[in-house]
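Chemist: Submitted below is the structure of interest, expressed as C-alpha cells.
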Amino acid sequence: MKFTKMHGIGNDYVYVNCFEETVSNPSAVAKFVSDRHFGIGSDGLILIKPSDVADCEMDMYNLDGSQGAMCGNGIRCVAKYAYDYGIVNKTNISVATKSGIKYLDLTLGDDGKVSLVKVNMGAPILTSRQIPVVSTKEQVIDEPLNVDGTTYHITAVSMGNPHAIVYMDDLKDLDIEKIGPKFENHIAFPDRINTEFVKVIDRHTLQMRVWERGSGETLACGTGACAVAVASTLNGLVDEDQPVTVKLLGGDLQILWNRQENLVYMTGPATTVFDGEIDVSFLEK
Ligand SMILES: N[C@H](CCC[C@H](N)C(=O)O)C(=O)O
C-alpha cells in the first residue's frame, strides 16, 4: 500500500490515495500503521476517496481503529494532498466528510504547493446528545461532571465530533495521561469524548492540550481548537466575532466563529513529511 505521511501542526496521520489504492480493512490498517514501534507511527489513518458530491472524500480513523466523524488537522492535509498530487487543479475545493461537506481555500507557497489552508468547519452543535447541556447565546449551562472524584465544570461543543472543554489556571501540572482516559470513557459520553484542557491567555489567545478520543494526547486537534474557541466565546472569555489564536503543543491555529453566519473558520498549515509503501496484505479481510 502506497501512503503519504503528513501532519497538521504535529497531528500526524498516514494518508492513502484511494483514487489509486484499495484499503479493505481500514480499522485494522489504522491500528497497524499508527504503531510508533511496529508500524509507521501516527495518530491514525486517513483515506482520500473519490466522491459523487465533492472533489474528494475524507474517511478518518483514530489510532485505535475507531472511525472519526471529522478531523480538522486532517482535512487541511487532505486538501494539500489533493492539490499537490493532482487530484484537483483549483484552490477552492470541497471535501465530503461524515460530518457533511466542508469547503476549503488553499494558499500556495513559493514552491507552488499548498502551505496554508482555511476551512469552513460549519456550525458548532451546542446541544449535546451525550450531555444534557444546552449552550445558548446568552448563557452557557456548564455541566458539573464528577470525574475520578473531582467535580469539573465542562462546556460541551460538537464540531461534528464531540468535545468537552475544561478551563484550568495552568496546564503545566496537568496529568493528562491519568485524567484524559477518565474523561474519554466517562459514563456521560456513550460515544466517548475528545477533551480539551484550556488556559485563557488573553481575550484573543487560548492555550490548550487535548486528550483525543481514540488517539490519546495529540500535539494538536483542529476540531478541538474550534470547539474551544466557541466555548470560550459562549463563556465570555474571548471577544465575540474576533479571530482567536489557539496555541497547541504542535503550533498555533487561527479560529473565527462568525456569529452572523454561525460558521466557524479554521486556518492553519499542512505539511507533507514523506511518501512510502508498506505491506498490509496480511490485514486484508
Ligand atoms: N479523535 C477525534 C478525530 C480526530 C480529531 C482531531 N485530530 C482533529 O484534528 O480534529 C474523534 O474521534 O472525534
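Each Cβ is built from the backbone N, Cα and C atoms, and glycine gets one as well.
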Chemist: Among Asn25, Asn89, Asn92, Asn161, which is the one TrEMBL gives for the substrate site where Asn11, Asn62, Gly72, Asn73, Asn194, Glu212, Arg213, Gly222, Thr223 also bind?
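Modeler: Answer, per TrEMBL (substrate site with Asn11, Asn62, Gly72, Asn73, Asn194, Glu212, Arg213, Gly222, Thr223), from Asn25, Asn89, Asn92, Asn161: Asn161.
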Chemist: Around Gly72 (substrate binding site), how many other CB atoms lie within 10 A of its CB?
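Modeler: Other Cβ atoms within 10 Å of Gly72 (substrate binding site): 28.
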Chemist: If you take the centroid of the Cβ atoms of Asn11, Asn62, Gly72, Asn73, Asn161, Asn194, Glu212, Arg213, Gly222, Thr223, the listed substrate site, which other residues of that chain have their Cβ within 8 Å of it?
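Modeler: Sorted by sequence, the hits are Gly68, Met70, Cys71, Gly74, Val210, Ser215, Thr218, Cys221, Gly224.
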Chemist: Ranking the binding-site residues Asn11, Asn161 by other Cβ atoms within 10 Å, which is at the bottom?
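Modeler: Minimum Cβ neighbour count within 10 Å, taken over the binding-site residues Asn11, Asn161, occurs at Asn161.
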Chemist: Kindly assign Cys221 (active site, proton acceptor) to one of the three DSSP-derived states: helix, strand or coil.
Modeler: coil
Chemist: Long-range same-chain neighbours of Glu212 (substrate binding site), Cβ under 8 Å, sequence gap at least 6?
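Modeler: Set apart from Glu212 (substrate binding site) by at least 6 residues yet with Cβ under 8 Å, we have Asp43, Asn62, Asn194, Thr218, Cys221, Gly224.
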